[in-house]
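Noted in TrEMBL for the protein shown:
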TRANSMEM  64-85  transmembrane segment
TRANSMEM  92-114  transmembrane segment
TRANSMEM  134-162  transmembrane segment
TRANSMEM  182-201  transmembrane segment
TRANSMEM  213-233  transmembrane segment
TRANSMEM  333-356  transmembrane segment
TRANSMEM  368-388  transmembrane segment
TRANSMEM  409-427  transmembrane segment
TRANSMEM  442-462  transmembrane segment
TRANSMEM  483-506  transmembrane segment
TRANSMEM  526-546  transmembrane segment
Amino acid sequence: MEVLENAKNPNNSPERKRGGWIAISFILGNETLERMGTMGLSANFMAYLAKVFHMKLVDASNVFNLWLGLSNLAPLLGAIISDAYVGRFKTIAYASFFSLLGLMTVTLTAWLHQLHPPECNIHRPDSCDRPNKLQLGVLFLGLGFLSIGSGGIRPCSIPFGVDQFDQRTEKGLKGMASYFNWYYLTFSIVLIVLHTVIVYIQDNISWTVGFSIPTGLMACSIVLFFVGMRFYVYVKPKGSAFSSIARVILAARKKRNLKLPVEDDGTVEYYDPPLKPGVLSKLPLTNQYKFLDKAAVITEGDLTSAGVPVNKWRLCSVQEVEEVKCLIRIIPVWSAGIISVVTMSTQVTFIVPQAMKMDRHMGPHFEIPAGSVSVISFITIGIWLPIYDRVLVPSLWRIRKFRLTLLQRMGIGIVFGIMSMFTAAIVERVRRTQALKMTQMSVFWLAWQLVLMGLSESFNYIGQIEFFNSQFPEHMRSLANSLFPLSFAASHYLISLLLTTVHKFSGGKDKPDWLDNDLDKGRLDYFYYMIAGLGVVNLVYFWYCVRSYQYKAGSQIEDLAEEKSLVD
């Protein structure tokens, strides 16, 4: 495998002869097929656990959320391995094989009757056999392989695409912005196909066929990924970001007794060497978190005669100090994203059981699969994004010279998420009332909350991805892209904790709990109201975190690309 070395002069680097849209076409094709493979399993997995493995609602929800939590926690480890040791290409390559192995294993649980419980007696549904240890073990093994695959692919897929553009040029910046748009567009198309075609096959034809198709698509994605090898730009790993962070913190602690002026008056000498190869933006010294500036202060004996630090754990560069400041500024904003993800994940968990209780007929002969209802949210994203990007943003700029910042977009997304949860609670309350009167409510009433959730994702989640990619230093982009899945991991674990707690304490001797296996007996609407309340608290916390946020200097990649396109 040929991996190109960085040249001393980055502007004449031979690796820039590669990349561009030829490489991106292979990367987008690989990502599209990979997502159709891995997400083709998760799109309807709650129904699979209920129908094939005969799990109760709370048990299936816990398995689903714990698996998704692990799959979104693993990218943090994948980012460390990628940035410090093997690079993004190798990380994606190895992880893809684990994903394929996981899909094959889960497909076997549907194909071989020894690996799942026997079908229920339709006349005695309460006597369904539960899965045995072997069946659960094989299922969890497959899910574990999939989590390992996600750990390598998720933090590296977007940065590997970004690597294909030279961000020191206007052409490269415009190409990168366009790449984000294509990434979101293909992602929405994938979700629409999965929640219609694949879910229909799984529900109405065969689970084996419904899982075999994603497995085949995953295999095709691996082939396509390696076919494009000769066109890729390969960025070598730059070392562990965590060691750099640790050095800054330790150096600042060793020099904690130094006195620094409130404003830089030129009396203090800071270590500020030229940028290393591969680092594209120079970060100036800022006044925020001044205690860290001590790590870059040159004291007696810190430098050799050649101007090199004697001890890297005592003297760090201004660039390294500012990179740590970027991380500190981002963490509170990231933490506010956890509850906002909870709102979406809660609906993903319960939308299928709700839809199964509702009238899903579209005409006299066709019944919509319960797992396909979520496609309304993805269609909303697919419609709204072009309108926002091509109509709303240019119009606001021409009329009032105004555009939303990334943090404003994230905040608007949080508001839409809260509105979606309140709407979900009201709809569920009406559905339950109708069900107790022996009347089925149309499944299309769920469209209200799904449209709001689609708008929430369009603003908040896409804003988060762009925020992390623009605010992190370039060589930490894998780490940046692991933060978004990490917020999903935390949200899924939080949901699992809330589910277990509510299931345990909300019921009584003669009273079913809120999350009873029969939604008509439970009070899912109360649970939705609780999540909406958490969202309101989180909105206040988010406002507190961002009110004094300082954007990374020179980081507004969107400024050049967006302003020039608007002027043009």
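Glycine is treated like the rest: Cβ placed from N, Cα and C.
TrEMBL annotations: computationally assigned, not manually curated.
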- Query: Which one, 333-356, 442-462, 483-506, has the most C-beta pairs under 8 Å toward the transmembrane segment (134-162)?
  - Reply: 483-506
- In terms of Cβ proximity under 8 Å, which residues at least six beyond the ends of the transmembrane segment (64-85) contact it? 42, 45-46, 49, 91, 95, 143-144, 146-148, 150-156, 237-242, 345, 349, 475-476, 478-479, 481-482, 485-493, 495-496, 499
- May I ask which of the stretches 92-114, 409-427, 442-462 has the most CB pairs under 8 A with the transmembrane segment (213-233)? 92-114
- Item | Among the ranges 333-356, 368-388, 409-427, 442-462, 526-546, the one whose Cβ pairs under 8 Å to the transmembrane segment (483-506) are most numerous | 333-356
